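Reading through the structure tokens given below for one structure.
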């Protein structure tokens, strides 16, 4: 900050007016800017409650042990969110927000729609891999990460369900990044109102499912909340691209890719039952866990090769979009 203020003062003055920071002349601030600030502030508060509300539910309705198990699983999941999702979503937001509203012609809209569908297809491939391998390797991941003690708790089973939650978060992140990047002031107000409804739905669902299913219920409530938000975002997307073609079915991977994913999913489930049978987790040895891991690693490499061959058109299209952006 010191370097920025001392050596970049000229640029800083062009970017930000000190009277806006000090709020000494509120009357001179543009009304539209104030309205935008208000909308984004309300949105940030609502998203905070959506993201942190589940922790309040855990603190009220669950004992400390369950809170610790959920915290462990949530921290593991947040690694994926922070390292992969956040940069990806920020890049998507920047890419779509750079498109001026004045350029919303049919050709430009179709190009945006094609890009969004490609990104959603990429997310669907990631979600498929996560769902295919995640549940069968939750025990193994916790074994290698935190040791056998934590692997013998409820954490592996909760982490198995959390894999579906991560997949839902991936779809929601891309959809909301696009929606927030292209929404005008009126749409932002509707989005803020919808977030209030989503917060209420999430809170009620979390309380009901936690009381009936325990910690599993909280993860399922998160999945319901994410899928509801994805549905709302998709409704906005359909309206936004009303003058362009935006078929939902195009985000699905190729049939061969889905078939390969299903085969890998079935094989890793069988491998887990052989090496770490249900009820025999306590007797699991390092050798068995390692063999299960190596078997899954081999399948994973094979699946990635198949995806590279069958989804090559998607990768080439993404390269073309990137090359067109650079030019």
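Cβ coordinates come from backbone N, Cα and C, glycine included.
Because TrEMBL annotations are produced automatically, they should be read as predictions rather than curated entries.
TrEMBL tags one of the stretches 75-95, 159-179 as transmembrane segment, and that stretch is 159-179. Among the residue ranges 197-215, 216-234, the one that TrEMBL annotates as transmembrane segment is 216-234. Checking TrEMBL for transmembrane segment across the ranges 40-64, 115-139 points to 115-139.
Under 8 Å from some Cβ of the transmembrane segment (159-179) lie the Cβ atoms of residues 73-74, 76-77, 80-81, 85, 88-90, 92-93, 96, 116, 119-120, 123-124, 126-127, 130-131, 134-135, 138, 141-142, 187, 191, 216, 219-220, 222-223, 226-227, 229-230, 233-234, 236-237, all in the same chain and six or more residues away from its ends. The stretches the transmembrane segment (289-308) and the transmembrane segment (216-234) do not meet in space: the count of Cβ pairs below 8 angstroms, excluding pairs fewer than 6 apart in sequence, stays at fewer than three.
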